[in-house]
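Here's the structure, in structure tokens; my notes come after.
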Amino acid sequence: MKIYFDENMPFAKEFFSELCHLNNGIDGEEQGELVPFSGRTLTAAQVADADVLLVRSITQVNEQLLHLNDKISFVGSATIGTDHIDLSYLAKRNITFQSAPGCNAISVAEYVLSALVVLAERYLLTLSSLTVGIVGGGNTGTRLSEKLTALGIQHKICDPLLAEKQKQDKSHPPTDQRHYVPLVDVLACDVISLHVPKVVGGEHPTNKLINAENLALLREDQILISACRGDVIDNHALLALKTAGHGVKIVLDVWQGEPDVLEALIPYTEIATAHIAGYSLEGKARGSEMLYQALCQQLAITPKYQLANFLPSASIPAIEINQDFNQILLNQLVKMVYDVRRDDAIFRQQLFVQGFDSLRKNYPVRREFSAVTVNLSSTTYSDVPHRLGFNKN
């Protein structure tokens, strides 16, 4: 069995090397092989003999890519979105598809939290006094909501699809008991954080959801964070707003037209990064693990490995806290694990030297809060660090 995988999938060799040799030797002809590829430049000829194709979001999987292949049976995307996959084409050919929903949700939520502590320090903001508006109540929005709840930060969630599903839920109490608000309510919050997929058309499109009309509703003192899909914000409308002197503070991890970036917008951002919010080691590796589990199910075999088998220890595996929790301690804890200013500096210095894709491909190892054990020296201290996701003994 030949398994082709994106070269940027962590631990792909560890997870899949044994699977590609299954059923070898039956006819003595085909040899199992695990083949890495560059996701942006993949061609139909390269994958003409693939039995399994494992991609990330930069690879378009459609008839154009697979028309030379008459044997492929499984396509996996080690990412949360599916807008790069022609699902109807795969269904027509009876090709099994699996994505990795929620694999990097924690990573993105921790990116947002790092951005918030950086901006709070920069502008002397008290985080507990802010209200955060979350657009999108799926996996990532939920993880962010959990962390904000742990910090006692008020927040609102806008998700019309989940709101409709909630109304149709006949169970008592409803499975989802969250209160959803209209977009206009979220746009009035002190912080607006976007966590929706790209949806073109339909009843609730998200393509250019934050357009000139909605941008005009923003106040000068607000913070706008986008760590979902680049097309959710109209970048040219945002640039027009900023060049007109509007004071809204911008954090952009995603950009319209990636890997091309609207260069003129960069100086107007507080934090700018190369679509790496979900790029923690755990976040990327969970995608590999989820596809491994799905392929094992497809092959009717029991999974042999899990992510914990491969994750290394963090550079600072454990710390002890001998004070109660406050915003200063939050700042220190978050930055100890992930300081988003590092990625912002690399982006500004290296974007036009290395290129957008190269920044992503060569992204340094970054860990999640769970990689660090926090020991509290007194049982009277708040367990907020643990509720934020830090490990405990």
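Keep in mind that glycine also has a Cβ here, set from the backbone N, Cα and C atoms.
With Asp159, Asp253 listed by Swiss-Prot as binding NAD(+), the candidate from Gly152, Gly245, Gly247, Gly278 annotated for that site turns out to be Gly278. Neighbour density for Glu258 (active site): within 10 A of its CB lie 17 other CB atoms from the protein chains shown. Reported as a whole number, the C-alpha separation between Glu258 (active site) and Thr79 (substrate binding site) equals 16 Å.
Measuring Cα to Cα from Arg229 (active site), none of the binding-site residues Thr79, Asp159, Gly278, Tyr279 fall within 10 Å. Between the CA atoms of Tyr279 (substrate binding site) and Asp159 (NAD(+) binding site) there is a gap of 25 Å.
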